[in-house]
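Below: the structure, in structure tokens.
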């Protein structure tokens, strides 16, 4: 066998053209029915791509995957893979009709994830190995396969219920295939053994096929997509095969048994929308029977609203349970819900026009305008509870009313054994309820406010724009080079609601290419002059191709951009269209710990705007990002800003590369003023923040800090590196040095376009030094500080805080207030140093730092104490002098999952919160947060046998620095958070009182006893009374000064298992401990919840996490 023959043998696809003569023999009625059923589309572009695909079984998931060859060759093959309720199939590409392999889901015994984005679909005789583009994509495939296989019981994969004939046939010129004619399909297998396992090559739908006699033993099976050439062993077998196939074609087009059974319900003999006789179509999720014209209008609503199936041709769908459902409900009863409020004169008739049908059917089902509103409408929890309660009965109409008034068919039932409504209905033996819920698992509830841009099937598209543009050939890689005018060709372009087409000229009738608007993933606007034509824009298509268009007239290009954007952007993101965007389109996103979803994004200058389902939105200033990085082999872009983390990715690599480059470019500094720099979450330029933190870590005790000069060339190079991308600079002690970094900080302020005090207020700052009254001077400084722009004010506060800390250690660094003022006065005021008032202002700002900047002295002292301890630890070599990022210290964190613990070494910054640490740990360990899981950070003291849940906003670096030898930081699921949140929801007055077992820590030998004490916890304090009747408290502590740990060390012999250790830190920073025991676990949870709620003023858990949890 030649290599060419082998390639043809391995792929059932053929290059043979369709036999037009055989195809024309199909009856006119058959062809008409076929078109009505499948809504065929054909798009041919000048790039040679032809798409002609019918609408087949509902596809659960589809996309590009790589798979290993059958013989285990090391090179992966790229395949288009689809999954529906019956089969997992893979194809050569997304355009071909017939698969290279078809795997029944009932034959799949296991689906498992493996390394390197791979997963395996295991059958009895073969394991299929696939590789996705990312971990996220791999996980979605695994989840979809597991769920689909779970719904389909794994049984005898070889059973074909209606086999008409089976045996070997030759595909002309090649070895034999095992062919099975089963009902309305023909299945092809490599051999009989493969047929018995159920895993085949492909299946051929017979309802659009025809059989043609070719010669003595050969015949053709002709479909609109391919002609199959078969050769039988004898003439007699050929005649038998042809007769069987022709019989199947006839049967597949003429099954009336389903229709007759459905019509046995009298109201089903008339169309539910227009009243036409003998309707042969149905919306299986809406429970209505329809005529062909109304079914066409339904199909235009989309399958997420109306799932249209034929009574005659889709016989596989029509199970006994589904038929019984239509007999139980019927058109009459269904319309008691769907059409109870139809206004007089608004109803359809069999003679109604297509436009009238579209308007009425959209109002009836898409908007739900005429439905009978359920009494619980608008109350989600009540609807869900009513749905679960009704599943015990056979009242399907009530279930229909609840679902299409907003009840969630995937809600929690409250039963761990039956977590979903489908499983609950199955438990109560309600098969009609089960089949109704099954067909409504992924539907959109009617909503006048949430109407999407859907064009009904028979609507004539409205022309939105036409005219000449210049176009290059499409490409699969980003455009990185200048395209000259010679690279463009003039094309007549037209845009309607469904497609963007381009022609040779305005007289051409056949387009050179068409792009469906629904396939446009992104539109990018290039800066003027980037290519040969002055103004250009790029369109990214879901197939992974890029199209470049342009013209010299800016108005023409601007109007085209606006029209195209309006055509493909969802109505939920309409406000993005009016923005002066550089890039706009849809991306997959994950916000914080939420599940991945699709959203619409627009990049406008340094702002990234996102619009999501349900009206949710996000607006990120890219200059203020704390982190911008890529993960998973550059397939996911991670943006961290102000305690929220946004992951974005695209299904097309070329689209993602464009977004990633554009966002990273927009996130860089755009000018030479403070506000144009990359900023921290506190509005401080990153360059200032990085330099300050580096000097704090490595140079705070350095003698002559800021007075000693660094190397001029190194300072210039490092400053330029910061200007290009400050966030990407990682300062290292051995490479950069303290004197060079301090030089960068001083020069940055000196060469700014405007000084930190602003040119308008400069003289007012300098003149304040002449005010003699100290109180008046401080007040004037405060007024000037308040008048500064936000970034200038935040920058000055950060710098003065740093200089105040530097002068606090003047006994080691020899830099007092005056010395620092002499250095920084000329830089900050951008003077030549001859005006001594500049230095005087800086000296007074440092000297009166607490008063002028309204600083919390307690917090400042804690900051200085942390710096002192950090200095001592450096001196004692506790911290190894390894080069680290200036804002990070490597700390050990323990992750606990499923009672297993693992150590991680995390870079912790002084700004990192407990929530951010949890996110970092979960990301590193690739743990996905499930519903009702509350991952938290704990301070654990093994010696004291206690643990404390850190508040999600608590800074963790100070916790690490204060840990003893017996303590560690642990990340795990919070076992009580859900219970605490539920308790607090029902409490109006947050307070608690009751009798508890109490003892103090006076007895170091552990001989002390626990005694009953009456405890009162209110909005300000925790008070202890000896008896309930006592009027005076024995002890009282401010709640804000207390820390509560769960657990009591065992040697104290606590009387119950539900103990808490209360720690109080006095003015001398000495800890005092008391111990309290509750009678029950519920009691302890309520005390903890009340204490944390009061201590953190009700902010117990972030709202965005509560939505997921």
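Numbers here mean position along the shown chain, with the first residue as 1.
Backbone N, Cα and C atoms are what each Cβ position is placed from, and that goes for glycine too.
Helix, strand and coil content of the domain 'PH' (58-150), in residues and according to DSSP, is 19 helix, 40 strand, 34 coil. Annotation source TrEMBL lists domain 'PH' at 58-150 (among others).
The domain 'PH' annotation in TrEMBL covers 162-250 (among others). This prediction places the mean pLDDT of the domain 'PH' (162-250) at 85.
According to TrEMBL, the feature domain 'Arf-GAP' maps to 256-370. Taken residue by residue, the domain 'Arf-GAP' (256-370) breaks down under DSSP into 51 helix, 11 strand, 53 coil.
What TrEMBL lists as domain 'PH' is 462-569 (among others). Note: the domain 'PH' (462-569) comprises 21 helix, 46 strand, 41 coil (DSSP; helix = H, G, I, strand = E, B).
The domain 'Rho-GAP' annotation in TrEMBL covers 677-853.
TrEMBL lists 905-976 with the feature domain 'Ras-associating'.
The domain 'PH' feature in TrEMBL is assigned to 989-1096 (among others). DSSP states for the domain 'PH' (989-1096), grouped as helix (H, G, I), strand (E, B) and coil, give 21 helix, 46 strand, 41 coil.
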Q: Output the single range from 256-370, 462-569, 677-853, 989-1096 maximising the number of Cβ pairs under 8 Å to the domain 'Ras-associating' (905-976).
A: 989-1096
Q | Per-state residue totals over the domain 'Ras-associating' (905-976) - DSSP helix, strand, coil | A | 16 helix, 25 strand, 31 coil
